[in-house]
Amino acid sequence: MVNVVLGSQWGDEGKGKLVDLLVGKYDIVARCAGGNNAGHTIVVNGVKYDFHMLPSGLVNPNCQNLLGNGVVIHVPSFFKELETLEAKGLKNARSRLFVSSRAHLVFDFHQVTDKLRELELSGRSKDGKNIGTTGKGIGPTYSTKASRSGLRVHHLVNDQPGAWEEFVARYKRLLETRRQRYGDFEYDFEAKPAEYKKLREQLKPFVVDSVVFMHNAIEAKKKILVEGANALMLDIDFGTYPYVTSSNTGIGGVLTGLGIPPRTIDEIYGVVKAYTTRVGEGPFPTEQLNENGEKLQTIGAEFGVTTGRKRRCGWLDLVVLKYSTLINGYTSLNITKLDVLDTFKEIPVGISYSIQGKKLDLFPEDLNILGKVEVEYKVLPGWDQDITKITKYEDLPENAKKYLKYIEDFVGVPVEWVGTGPARESMLHKEIK
């Protein structure tokens, strides 16, 4: 059994909380894409654990965790995050954590060039806007992967004669191509290979052939949960390109990032914030640059875990959600942070786009069009009631249930979970047929 948790908007929907809720039922939690460029916090027994690269399944002492071949790994950050979690009391994490031998490596010079590239792009653009990268080197690493010049985990841990010398030579060539492209930036070449020679010994016990790992688990009928990173609207192919991340963050990335066939997937859970947020630049049709946006940001505490940046806020965009559903094929939804809407008298939701009076059939791929669309809203009544103490779906205010029902009917997917507060237990389950 393989079930998948995916973000349906622009990230920060609360995927980690759903994974945290579900993880006790699973034998394995796997990540399939991205790196340490996103983050979420899980609270267990009053202890806060911040996850950026590592799978959230580490909070379950009986769960194995895998970083798949589609993940890109900055090895120093891998160990720093692991040590931070261990310092907070996470037990036997090292024996339950595995890394794909096919995963690509992020180096410090990738991070340097990530920031240089961002400055370059903002200087070229007419409005001075940039992509909004986290500066973690994710994009440049995927670039070297696509150009077939990158280094993978197996290159680092290979014990064969001459393998280390080959690693250093390839590392040097990779660095030189960056310098040719961006000029002679400050970087201690001599120190870095020496650092990685130490890290390779530390990393070896974690490394597995992830294809064998996953298929053995599937054959053994293990319960597997895939933890998606980022969200569909940040997908390199289907998101608001170029204001996207550098990997496939939808269901396609699950298959290629873990090496599993489509027939192994059972349930696909789409996580949807009850309103919409976005970090960084790029079109955002339902954004509210007014008191409503500020209110959503304040009540929702909308600041990024990884970057600390303020998130832009707006109303729920059902055009985005329907498009996301078409691609990812959600079998049920988790609506998060519904409580943030508690004090709004009226709650608009975006239901269609038009441009120059002509309604669009679907979410447009052209950002010149997307940036000019007019949004048609359906205004739904608020419930003006604190829902954070409610423990059963049936006890939600009628208008809150109507809000959820409207979402279900619009996208044709049932809501299975509803987030009603920041606490770990503030998640209502609704039976679905």
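Cβ from N, Cα, C; glycine included.
If you check Swiss-Prot, you get these features:
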| type | residues | note |
| --- | --- | --- |
| BINDING | 11-17, 39-41, Arg311, 337-339, 419-421 | GTP binding site |
| BINDING | Asp12, Glu13, Gly14, Lys15, Asn37, Ala38, Gly39, His40, Thr134, Arg148, Asn230, Thr245, Arg309 | IMP binding site |
| BINDING | Asp12, Gly39 | Mg(2+) binding site |
| ACT_SITE | Asp12 | active site, proton acceptor |
| ACT_SITE | His40 | active site, proton donor |
| BINDING | Val305, Thr306, Thr307, Gly308, Arg309, Lys310, Arg311 | substrate binding site |
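What Swiss-Prot annotates, mapped onto the structure for a quick look.
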residue	record	contacts (Cβ under 8 Å, 6+ apart)
Gly11	GTP binding site	Ala38, Asn230, Ala231, Met233, Leu234, Arg278, Val279
Asp12	IMP binding site	Ala231, Lys273, Thr277, Val279, Glu302, Gly304, Arg311
Lys17	GTP binding site	His40, Ile42, Thr336, Gly419, Arg424, Met427
Lys310	substrate binding site	Gln297, Glu302, Phe303
Leu338	GTP binding site	Ala274, Ile387, Ala400, Tyr403, Leu404, Val418, Gly419, Thr420
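Asn37 (IMP binding site) sits 12 Å from Gly308 (substrate binding site), counting Cα to Cα. Of the residues the record lists as binding IMP, namely Asp12, Glu13, Gly14, Lys15, Asn37, Ala38, Gly39, His40, Thr134, Arg148, Asn230, Thr245, Arg309, the two whose Cα atoms sit farthest apart are 34 Å from each other. DSSP classifies Leu338 (GTP binding site) as helix under the three-state reduction. If you take the Cα of Gly14 (GTP binding site) and the Cα of Thr134 (IMP binding site), they are about 19 angstrom apart, rounded to a whole number.
The highest number of surrounding Cβ atoms within 10 Å, among the binding-site residues Gly14, Gly39, Gly308, is found at Gly14.
Packing around Thr420 (GTP binding site) is summarised by its Cβ count: 26 other Cβ atoms lie within 10 angstroms of its Cβ, all protein chains included. Cβ neighbour count for Arg311 (substrate binding site): 21 (other Cβ atoms within 10 Å of its Cβ, all protein chains included). Using a 10 Å radius centred on the Cβ of Asn230 (IMP binding site) and all shown protein chains, the other Cβ atoms total 28. Between the listed binding-site residues, namely Asn37, Thr41, Thr134, the fewest other CB atoms within 10 angstroms of a CB are found at Thr41.
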